[in-house]
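Annotation source Swiss-Prot lists domain '4Fe-4S ferredoxin-type 1' at 63-92, citing sequence analysis. The [4Fe-4S] cluster 1 binding site annotation in Swiss-Prot covers CYS72, CYS75, CYS78, CYS121. Annotation comment: Swiss-Prot describes CYS82, CYS111, CYS114, CYS117 as [4Fe-4S] cluster 2 binding site, evidence class sequence analysis. The domain '4Fe-4S ferredoxin-type 2' feature in Swiss-Prot is assigned to 102-131; the stated evidence is sequence analysis.
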Amino acid sequence: MAAVAAATTSFSFKDFFKSFMLVELVKGMALTGRYAFRRKVTVQFPEEKTPLSPRFRGLHALRRYENGEERCIACKLCEAVCPALAITIESDVRADGSRRTTRYDIDLTKCIFCGFCEESCPVDSIVETQILEYHGEKRGDLYFTKDMLLAVGDRYEAEIAAAKAADAKYR
């Protein structure tokens, strides 16, 4: 027992020199100094932007046909396929027998941006745009209604159509 205690309390001159001269501290400062003058890899986000992937999935939008009629046929496939249950759809039958949505809501606080809604849509009505920067000060600000989604689609239709055309050969 005494031998174990003596072995743990032995202190060599080499250990004393390392602790007295702060060798580990100097090594750490030298490493920091080497990296201090290298090219920076950090991006200062609001001022600098990195390129987005062509398949980036951002803010949702509802599209219209060229004649102004909304594309959604109320098939509710996107609502059924959504793993986060973020989409709510209500529909009515029109006088001509076709269905159209009366309510199309997406709760972006639930949405995981998987893109299943876009993939399942048979008429390319719901799409995910390249819009990365959107925010809300209250929880309700991230609850997008049909009118809000149509407004996003109307505003960015040219970019959405170009992205769809560029990605068509991969689908």
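The backbone N, Cα and C atoms fix where each Cβ goes, glycine too.
Bear in mind that the values here come from a model prediction, so they are computed numbers and not experimental data.
This view paints the features noted in Swiss-Prot onto the structure.
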| residue | record | DSSP class |
| --- | --- | --- |
| CYS72 | [4Fe-4S] cluster 1 binding site | coil |
| CYS78 | [4Fe-4S] cluster 1 binding site | helix |
| CYS111 | [4Fe-4S] cluster 2 binding site | coil |
| CYS117 | [4Fe-4S] cluster 2 binding site | helix |
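In terms of C-alpha distance, the listed binding-site residues CYS82, CYS111, CYS114, CYS117 place CYS117 closest to CYS72 ([4Fe-4S] cluster 1 binding site).
Take the Cα of CYS78 ([4Fe-4S] cluster 1 binding site) and measure to each of the binding-site residues CYS111, CYS114, CYS117: the nearest one is CYS117.
Around the Cβ of CYS78 ([4Fe-4S] cluster 1 binding site), 23 further Cβ atoms fall within 10 Å across all displayed protein chains. Each of the binding-site residues CYS75, CYS82, CYS117 was ranked by the number of other C-beta atoms within 10 Å, and first place falls to CYS117. CYS75 ([4Fe-4S] cluster 1 binding site) sits 14 Å from CYS82 ([4Fe-4S] cluster 2 binding site), taking the CA atoms of both as reference points. In this structure, the C-alpha atom of CYS111 ([4Fe-4S] cluster 2 binding site) lies 17 angstrom from that of CYS121 ([4Fe-4S] cluster 1 binding site). For the pair CYS82 ([4Fe-4S] cluster 2 binding site) and CYS121 ([4Fe-4S] cluster 1 binding site), the C-alpha distance works out to 12 angstrom. Listed binding-site residues: CYS72, CYS111, CYS114, CYS121; maximum Cβ neighbour count within 10 Å falls on CYS72. Taking the centre of the Cβ atoms of CYS72, CYS75, CYS78, CYS121 as the [4Fe-4S] cluster 1 site, the nearby residues of that chain (Cβ within 8 Å, site residues left out) are ILE73, ALA74, LYS76, LEU77, GLU79, ILE89, CYS117, SER120, PRO122, VAL123, SER125, ILE126. Apart from CYS82, CYS111, CYS114, CYS117, the [4Fe-4S] cluster 2 site neighbourhood in this chain, defined by C-beta within 8 angstroms of the site C-beta centre, holds CYS78, VAL81, PRO83, ALA84, ALA86, ILE87, ILE106, ILE112, PHE113, GLY115, PHE116.
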